[in-house]
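Participant: I have a structure here, written as structure tokens, and I will follow up with some questions on it.
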């Protein structure tokens with residue numbers, strides 16, 4: 001398992017995850033490569049969740065030559081992935097390669113950039129659309145957003161998820177890059193969530209962007225800059 005437990009989050013340390021993130025950070029990485037990189041990173045993170053949080057069971061297997069015993073991952077039918085539009089779309093595409101039978105939810109959420117960041121480091125959040133599947137007590141819920149900056153968007157999203165879910169097996173908040181400020185805000189607001197990230201960066205700038213970060217993941221993936 002390549003997940004390192006930190007006080008503020010669980011850090012995914014897989015070599016391919018770090019390699020892919022480094023390419024995503026590079027300003028020279030163009031749109032198609034950036035989008036494919038987010039897909040790849042989502043797939044790697046999905047495999048890490050399977051390896052670190054899911055159990056296996058022994059099953060009989062008939063090979064072409066004889067019967068033997070194999071292992072299957074338990075709970076792959078009991079996964080709910082929440083896509084925080086829009087930047088998470090390619091990230092979630094990768095997660096679905098690891099969890100092809102997962103149910104999907106969608107929440108469209110974004111900062112009110114015109115209002116700006118408050119003195120306590122939060123943004124007003126606008127949520128335009130929410131569509132969630134049934135969340136059952138046996139489900140593993142993964143809320144995916146590649147950037148966890150101030151944590152304002154994620155906290156607003158988690159409010160909706162928790163309103164719909166009376167119980168669940170596990171709740172993961174998954175990001176590619178996180179700021180320390182956002183990790184603290186989310187962990188204090190939703191202590192039952194397990195925070196997973198590939199990198200914990202230095203800080204937020206005065207506009208609430210992660211430094212060094214990788215820029216605006218949505219703009220780079222969808223070429224809206």
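Keep in mind that glycine also has a Cβ here, set from the backbone N, Cα and C atoms.
Found this in Swiss-Prot, in case it helps:
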type: BINDING; residues: 36, 37, 38, 39, 40; note: GTP binding site
type: BINDING; residues: 86, 111, 145, 146, 147, 148, 149, 150, 151, 152, 153, 216; note: 5-phospho-alpha-D-ribose 1-diphosphate binding site
type: BINDING; residues: 210, 215, 216, 217; note: uracil binding site
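Could you tell me the structural context for the features on the list?
Facilitator: There are 21 other Cβ atoms within 10 Å of the Cβ belonging to residue 39 (GTP binding site).
The 10 Å shell around the Cβ of residue 86 (5-phospho-alpha-D-ribose 1-diphosphate binding site) contains 17 further Cβ atoms across the protein chains shown.
In the three-state DSSP assignment, the secondary structure recorded for residue 215 (uracil binding site) is coil.
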Participant: Using the alpha carbons only, what distance in Å do you get between residue 147 (5-phospho-alpha-D-ribose 1-diphosphate binding site) and residue 38 (GTP binding site) once rounded?
Facilitator: 11
Participant: Round to the nearest Å and give the CA-to-CA distance linking residue 217 (uracil binding site) with residue 38 (GTP binding site).
Facilitator: 9
Participant: If I take the Cα of residue 153 (5-phospho-alpha-D-ribose 1-diphosphate binding site) as reference, which of the binding-site residues 37, 38, 40, 215, 216 has the closest Cα?
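Facilitator: So, spelling it out, the nearest of the binding-site residues is 216.
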